[in-house]
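A.B. asks: Here's the feature list from TrEMBL:
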DOMAIN    22-216  domain 'ABC transmembrane type-1'
TRANSMEM  26-46  transmembrane segment
TRANSMEM  58-81  transmembrane segment
TRANSMEM  166-183  transmembrane segment
TRANSMEM  195-215  transmembrane segment
Amino acid sequence: MAHSGIEVLFQGKNFLRLMGGLWTSVWIAGVSLGFGLLLGTFLGVWRTLKNAVLRVVLRLYLEFFRIVPTIVLLFLVYYILPRQFHVEASAEWMAVLAFSLWISAEFSDIVRGAMESVPKHQREAGLALGLTKGQLFVHVLMPQAFMLELPAAINLATRVVKTTSLLMIIIVMDVINVGQQIIEANNQQYPSGVFWIYGFIFMLYFIVDYPLSLISKMLQQKFSANL
């Protein structure tokens, strides 16, 4: 009897395994975003300071993580750190470290650009009203910069979720790795199962990423109209 292949999705615990793999991808992306956005905010603010040496160092940091492919960064963190520096952690947390460093570099540039986009006359007006530099930063610069940063941050989140597809190279049981194992285990019985498994994985990524993309566009349009 010929099989359509869709049965492989619901055979045994395959469906639950795929959803578990999706959860692994999502939590790694979420935790990485939390750490990366926090560090990136500090780095971005520091890049607006007038310290030339600090700005050069941070610029090099940004360029390094932009030039080095994420797949290479994952290899460096997963294989080099444990061997050279005796760092012991699970593959999942090694992935969080690699993604957090990449995200922080990307977001620092977003923060810097947003801070520098605030009109100069608003800074001058704040100082003229007697605000300290700290008050100016908190009450004038950050609220306006935040409106510019938020759509870009959500757009970055969609990129991070998609980039988690690289996790299988360091043996993290993400949704891609789980799907590949299911395909290999059922290839003889369900030759067309590969279509259904990868089609289902595509649908899962779409369900996660597409709403984020829409939210990013809506916020960008809304905030652009208000600025």
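Each Cβ is built from the backbone N, Cα and C atoms, and glycine gets one as well.
A description of the local structural setting of each listed feature is requested, covering burial, neighbours and distances.
C.D. replies: Residues of the same chain lying 6 or more positions beyond the ends of the transmembrane segment (26-46) and with a Cβ under 8 Å from any Cβ of it are 54-55, 58, 61-62, 92, 95-96, 99-112, 114-115, 153, 156-157, 160-161, 164, 167, 172, 174, 208.
Distant neighbours of the transmembrane segment (58-81): 43, 46-47, 87, 91, 94-95, 97-99, 101-102, 104-106, 108-109, 163, 166-167, 169-170; these residues of the same chain sit at least 6 beyond its ends, with a Cβ under 8 Å from one of its Cβ atoms.
Within the chain carrying the transmembrane segment (166-183), a Cβ under 8 angstroms from the stretch's Cβ atoms is held by residues 8, 14, 17-18, 20-22, 24-25, 28, 70-71, 74-75, 78, 91-92, 94-95, 193-194, 197-198, 200-201, 204, all 6 or more beyond its ends.
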A.B. asks: Short question: which residues 6 or more past the ends of the transmembrane segment (195-215) have a Cβ under 8 Å from it?
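C.D. replies: Apart from its flanks, the transmembrane segment (195-215) reaches 5-6, 8-9, 18, 22, 26, 154-155, 157-158, 161-162, 165, 175-176, 179, 182-183.
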